[in-house]
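Visitor: I have a structure I would like to understand better, so I am pasting it below and will then ask my questions one at a time.
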Amino acid sequence: MSPGLDAAPGVVAVTLVTLATLGIGTWGLRFSRTTSDFFVASRTVRPRLNASAIGGEYLSAASFLGVAGLVLTFGADMLWYPVGWTAGYLVLLVLVAAPLRRSGAYTLPDFAEARLGSRGVRAACSLLVVAVGWLYLLPQFQGAGITLAATVGAPTWLGPVIVGLVVLANVTSGGMRSITFVQAFQYWLKLTALLVPAMVLLAVWASDSAPRTSGSDGWSVPLAPGGMEGLYVTYSLIIATFLGTMGLPHVVVRFYTNPDGRAARRTTLVVLALLGVFYLLPPVYGALGRIYAPELAEPGRADALVLELPRIMVDGPAGELLTGLVTAGAFAAFLSTSSGLAIAVAGVLSQDVTGRFWGERRLGGVAAFRLGAVVAVTVPCVVALAAPNLGVARAVGLAFAMAASTFCPLLLLGIWWRRLTDAGAIAGLLAGGVGCATAIGWTLASSTADGWADTLMGHPAAWTVPLALSTMVAVSLLTPDRVPGHAGRFLVRLHTPEVVEVDRG
Amino acid sequence: MTTGPSSERVRVTGPSRRRTPVTRTADIDDQTRLGGVYMGSLLREQLRLAIGILLVLALTVGVLPLLFHLAPELAEVHVLGLPLGWLLLGVAVYPTLLLLGWVYVRRAERNERDFAELVSEADR
C-alpha cells in the first residue's frame, strides 16, 4: 500500500516464481510434440499429478487473496465462497466427471456438437467459453496489478503485463503438456505459501496469550445480513458456486487430459482433498486480521490482508521472509489460473476461429493454437490496462453465475437426458445467458443496492439457473422430432465403462 | 489336372457344434430392446446414486443457511472454543465433502463393475 514498504522480498519472490514457472514450462516442453499434447497432454496424465494441476489452476487470486479479505470485512457468511468452490467439485464428480471424459471431446463446444450434432449449438458454446473465460481472466490480471502495487510499489500496469507475457511464453511453447507440470508445482507452492506463514502467525497469536475479538455484531453468522434477502443472497451464492464450477472452461478442459472415466473420478476425489486442505487457511488470516489489522477491513484494502499481515504481526527479517513467501504464492495464483484459462480459450479460438480457412490459407494445429493463445491473453490484458477498477471479486462471481446458468444445464441434460434437442439447448443457453447478462448490466448501471429488485439482479443465479434449465427441457419437449438419431449411442458412450467393448459410435 | 477356378478344393463341414458365445454387448450395439434395458438400468443406477449423494449434500451443508436464519442464536454457540458457524463452514464441511465423494466413487465403480459383468456374460 504505502510506497515506503521494503520492496526486496516482493521483488525476489516474483522473480523466483516467474523463473521457476518458465523453467518448468521449458522442461515440460521436451514432452510436447503433437497437437494432442498441446490440447489435452495426449490424455495420459495420472490422477495425482492431474489433481495437483487442477488444484493449482483453480486456486485463483480470489481464493488466495480474496477470501481472507472478504472474511475480514464481512464475516462468516463469506465462508460460503470457499465452501461453494469446493462443493462445486463434488457436484461435478457425481454428475459430470466420468461421462465428460468418456465423451472423447476436446472442449465444451466439441462436446455440445458431438452430443447434439448441431453447428449452431457449437457456435453458441464457443462464444460462451470465450465470454466466461475473459470474464474470469480480467480479475486475474487486475489482481496481479494490485499485488505488485501493494508489495513492491510498482505501477498497476506492470502486473498484467508480466503475467500476460509469462502465460503467453508458457502456453504458446508447450501447451497443455508443459502447463500440467507448471500447474501442479504451483498448487504446492500456493499451499506452502499460505500454510507456513499461517503456522507462524498462529504461534505468535498463541504466545500473545491468544487475544479474541470483542463483541458479536453478526461477524460469526454464516448468513448474509438482511433477513429474507440475506437468505436469498446466500442461497443464490450457493447455487452459482455449486453448479458453476462444472461450467468453467478451464476446469472442463482438464478432464479431457485423464486417461479414462475412472481416472477422471479419482482425479476429482483428490481435487476435493487438495481444495479442502487449502481452504482451511484463508479464514485463519481473516480471523487474525480481525484482531491485529482491523484497519484493513474496508473495500480496496482488504485484498492485501494476506500480503500485509505477516509484516504487521512479525518484525524483522522473519516478517520479510514470510511476506516474500505469500507474495510468491499470490503471484503463482495469477500465473496458474491465467494459464489454464488461456489454454481453454485458446483451444476454442484455434478450433473455431484461427484454425479455419481464411481465404486460401489455413493454419496448422499448433500454429493456430499459438495464435489463439495470443488473442486469448491480449484482449483481457488490454481491458485490464484500460479499465483497472472494474471490481475483482464481482467479475469472478459473475463468471460463476454465467457458467452455472448456461453450461451447467447443457452438461446435465446432455449427459443424463436422451431427449435433449439442439433447439432446446440453444433456447436454454439464450435464456440463461441473456438473463445473466441483463442482471450484470443492471448491477453495473444502478448505484443503489437495496430492495428486492437490486438483490435479485445482483445475485441472479437463483433464478437464471432454473430459467435456463426449464427452458431447455420445455423447448426440447416441444421439438421431439429434432432429437438426434445418435443420441442413444452417444449415451452408451458416455456411461459405459471402458472395459466393456461396445460400439461407441 | 486342370487348375481352373471351378476346381478349387472345397472343404465340406457340418454346422459348428460349439457356437461362438454371443455376449450381451451385441444387444447394446444393435440397440435392441434388451440392450436398451441394460443401458437404462446402468443409467438409472448411476443417476439414483448421484441424486442420493446430492440429497445428502443438500440436507447437511445446504440447510445450514436456513438453520441459522430460523435459529439466529446458534451463532452464539461455541464448540471447542470456536463459534459454531466458523467450525461448521470453516472446518467440518471439507471432510464431509471428501467423505461424500469417496462414497460416490466406490459405489459408482461398483455399479460399473456389475454392469460390465452382466453384459460380458455369454448367453448360452
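Backbone N, Cα and C define each Cβ position, glycine as well.
When I checked TrEMBL for this same protein, it listed these features:
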{"type": "TRANSMEM", "residues": "A:12-29", "note": "transmembrane segment"}
{"type": "TRANSMEM", "residues": "A:78-100", "note": "transmembrane segment"}
{"type": "TRANSMEM", "residues": "A:120-137", "note": "transmembrane segment"}
{"type": "TRANSMEM", "residues": "A:157-175", "note": "transmembrane segment"}
{"type": "TRANSMEM", "residues": "A:187-206", "note": "transmembrane segment"}
{"type": "TRANSMEM", "residues": "A:232-256", "note": "transmembrane segment"}
{"type": "TRANSMEM", "residues": "A:268-288", "note": "transmembrane segment"}
{"type": "TRANSMEM", "residues": "A:321-346", "note": "transmembrane segment"}
{"type": "TRANSMEM", "residues": "A:367-387", "note": "transmembrane segment"}
{"type": "TRANSMEM", "residues": "A:393-417", "note": "transmembrane segment"}
{"type": "TRANSMEM", "residues": "A:424-445", "note": "transmembrane segment"}
{"type": "TRANSMEM", "residues": "A:457-479", "note": "transmembrane segment"}
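Relative to the rest of the structure, where do these features sit?
Guide: Here the transmembrane segment (A:187-206) has Cβ contacts under 8 Å with residues 17, 20, 52-53, 55-56, 59, 64, 274, 277-278, 281-282, 284-285, 288, 291, 306, 309-310, 313-314, 318, 322, 325-326, 328-330, 332-333, 336 of the same chain, all six or more residues outside its ends.
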Visitor: Please work out which recorded stretch in A:78-100, A:268-288, A:367-387, A:424-445, A:457-479 has the most C-beta pairs separated by under 8 angstroms from the transmembrane segment (A:157-175)?
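Guide: It is A:367-387, which has the most Cβ pairs under 8 Å.
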Visitor: Using a Cβ-Cβ cut-off of under 8 Å, list the residues of the same chain that are 6+ residues beyond the ends of the transmembrane segment (A:232-256) and lie near it.
Guide: 39-40, 43, 50, 53-54, 57-58, 77, 80-81, 83-85, 87-89, 91-92, 95-97, 100-101, 105-108, 129, 132-133, 136, 176, 222-224, 226, 264, 267, 337, 340-341, 343-345, 347-348, 397, 399-404, 406-408, 411, 455-456, 458-462, 465
Visitor: Answer yes if the transmembrane segment (A:393-417) and the transmembrane segment (A:120-137) have at least three CB pairs under 8 Å among residue pairs 6 or more apart in sequence, and no otherwise.
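Guide: Contact criterion met.
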Visitor: For the transmembrane segment (A:12-29), which partner among A:78-100, A:120-137, A:268-288, A:321-346, A:457-479 gives the most CB pairs under 8 Å?
Guide: A:321-346
Visitor: Can you tell me which of A:268-288, A:367-387, A:457-479 gets the most C-beta pairs within less than 8 Å of the transmembrane segment (A:78-100)?
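Guide: Result: A:268-288.
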Visitor: Sequence gap of 6 or more, Cβ distance under 8 Å, 3 or more pairs: do the transmembrane segment (A:424-445) and the transmembrane segment (A:120-137) meet that?
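Guide: They are in contact.
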Visitor: Other than its close neighbours in sequence, what residues sit by the transmembrane segment (A:321-346), given a CB gap under 8 Å and a spacing of at least six beyond its ends?
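Guide: For the transmembrane segment (A:321-346), the list is 9-10, 12-14, 16-18, 21, 56-61, 63-65, 107, 129-130, 133-134, 136-137, 140-141, 143-144, 147, 151, 159, 163-164, 166-168, 170-171, 175-176, 179, 182-183, 186-187, 189-190, 192-194, 196-197, 200-201, 249-250, 252-254, 306-308, 310-311, 314, 369-370, 372-373, 375-377.
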